[in-house]
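Colleague: There's a structure below that I have some questions on.
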């Protein structure tokens, strides 16, 4: 049997479960998960290597109207990804009542792309069979899909079937990455994303989306028993800084504790995490600040 390989983009409106699905399929946390929209800011690759295939999943930023240069960057990243992959997984919620404005916009964008597509109805464990069939019919009138699969990424229901459908549609090709690689992003990027996830989970309103993380230090001690990490949380307003720090520093301490615990699980070593908070006004409209915070504008 010929070996297959290829790049698979995950697209869908915010919070339909793109990151949850990629993390489940890869078997490791690669992309951050939050109930808030616009959680993913970069195209993040998750790599799954099987005996007969290597699948590189790309979790694209959620499609949304841009409000600043960071938003424009996110849209460009998503558009560029769709043009370069071998297959697109268009993810919607099986509990939807129909096609809303978000999905109408995505459908119009996908009509411009000839790449093969699979419709993925996520959260099918929460939906009736009748609703699933209705959605299949509605979406099929809008786009041509090579396959339609209903899944539940949270518990893996039908994910094996989805993998089989993906492999069927991928071309024959080489292994692009080593067998033990599950992502191509730097460790410092993963650290920044975990910290940002904890901010998203603990804070509300506009504060989390005005936050950027700079990793100042990432180094193992000589005896390799402790990983020292120093990071600066940048926000856009003094009032946001006060919220992130919290009364008596309690919120920052909580964010740091949650991030440290997860980082220790990921790296398998004790982590000494130090966090600072600084204000950099309007950084999401500042190209130099965006570059400093790790957004590779050259790619788009």
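Glycine is no exception: its Cβ is also placed from the backbone N, Cα and C atoms.
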Colleague: Which stretch, out of 110-113, 114-117, 118-121, 122-125, is listed as region 'G4' by Swiss-Prot?
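Modeller: The range carrying the region 'G4' annotation in Swiss-Prot is 122-125.
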Colleague: What does DSSP give as the helix, strand and coil breakdown of the domain 'KH type-2' (195-281)?
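Modeller: Its residues divide into 40 helix, 29 strand, 18 coil.
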Colleague: If you draw a 10 Å sphere on the Cβ of residue 15 (GTP binding site), how many other Cβ atoms land inside?
Modeller: 17
Colleague: With DSSP helix as H/G/I and strand as E/B, how many residues of the region 'G4' (122-125) fall in helix, strand and coil?
Modeller: 2 helix, 1 strand, 1 coil
Colleague: If you draw a 10 Å sphere on the Cβ of residue 124 (GTP binding site), how many other Cβ atoms land inside?
Modeller: 22
Colleague: What kind of secondary structure is residue 18 (GTP binding site) part of, going by DSSP in three states?
Modeller: helix
